[in-house]
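These features come from TrEMBL:
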BINDING   Phe10, Ser11, Gly12, Gly13, Gln14, Asp15, Ser16, Thr17, Thr18, Cys19, Leu20  ATP binding site
BINDING   Cys186, Cys195, Cys198, Cys201  Zn(2+) binding site
Amino acid sequence: MNQEKALVVFSGGQDSTTCLFWAKKQFKEVEAVTFNYGQRHVAELDCAKEIAEDLQVPHHILDMSLLNQLAPSALTRDDEAITQEEGELPSTFVPGRNLLFLSFAGVLAKQISAKHIITGVCETDFSGYPDCRDIFVKSLNVSLNLSMDEQFVIHTPLMWINKAETWEMADRLDALQYIRKNTLTCYNGVKGDGCGECPACELRQRGLNEFLQSNKGGEE
Ligand SMILES: [Zn+2]
């Protein structure tokens with residue numbers, strides 16, 4: 001196990017919770033950071049707090065409400081519906097959001113003396129955010145190191161895997177049932193298996209079904 005400290009960018013959703021379990025297996029000391037930007041549902045923040053507590057991970061919550069000023073969208077305002085046109089970014093898109101989150105995570109990592117930063121971004125995701133791509137994360141890693149004269153290592157354990165494989169990883173970490181029950185991915189704020197109707201639930205459920213079918217003979 002790596003004796004150095006790690007900071008996980010953590011939302012309380014399936015992906016970042018899987019990353020938190022992953023980090024706890026890899027690193028002796030793990031802390032988590034959650035960004036509060038006026039999420040559509042306060043439940044998201046509560047969910048993140050509960051999970052951090054369950055896993056006994058020190059939890060930092062940073063206020064990023066300025067994102068609302070920069071890009072009011074369906075994700076942060078209750079009066080707009082979430083829509084996604086074929087081949088376009090969803091209306092929840094806040095340009096550069098991950099750039100900001102990862103940069104702030106870098107500053108926090110410096111302050112808590114964490115060398116490793118873990119983020120659950122992924123290129124196989126449906127969303128196509130440019131600042132979630134591998135090339136961007138690598139470039140920001142270099143920039144963070146130059147900006148603070150550090151040797152940070154940004155880890156992206158989910159970068160090249162799909163939702164079914166993320167469930168498989170959760171299973172290998174003995175966290176499948178925990179993540180299934182306690183994380184929040186749903187746009188309508190329903191924990192666990194969610195509302196079953198929004199795009200986030202569909203994606204999550206499809207991945208879970210795919211994993212469970214390929215894993216017959218397992219626990220379920
Ligand atoms: Zn839902």
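For all residues, glycine too, the Cβ spot is worked out from N, Cα and C.
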Of Phe10, Gln14, Ser16, Thr18, Leu20, binding-site residues neighbouring ligand 1, Cβ under 6 A: none
Helix, strand or coil at Thr18 (ATP binding site) [DSSP, three-state]: helix
Integer Cα-Cα distance in angstrom, Cys198 (Zn(2+) binding site) to Ser16 (ATP binding site): 19
Additional residues surrounding ATP, by Cβ distance to the Phe10, Ser11, Gly12, Gly13, Gln14, Asp15, Ser16, Thr17, Thr18, Cys19, Leu20 centre under 8 Å: Val8, Ile51, Gly120, Thr183
Cβ-Cβ neighbours of Cys195 (Zn(2+) binding site) (radius 10 Å): 13
Other C-beta atoms that fall within 10 angstroms of the C-beta of Thr18 (ATP binding site): 25
Neighbour tally for Gly12 (ATP binding site), based on other Cβ positions within 10 Å of its Cβ: 25
Pairwise Cα distance for Cys201 (Zn(2+) binding site)/Thr18 (ATP binding site) [Å, integer]: 17
Nonlocal neighbours by CB distance (under 8 Å) for Phe10 (ATP binding site), same chain, sequence gap 6 or more: Ser16, Thr17, Cys19, Leu20, Ala32, Val33, Thr34, Ala48, Ile51, Ala52, His59
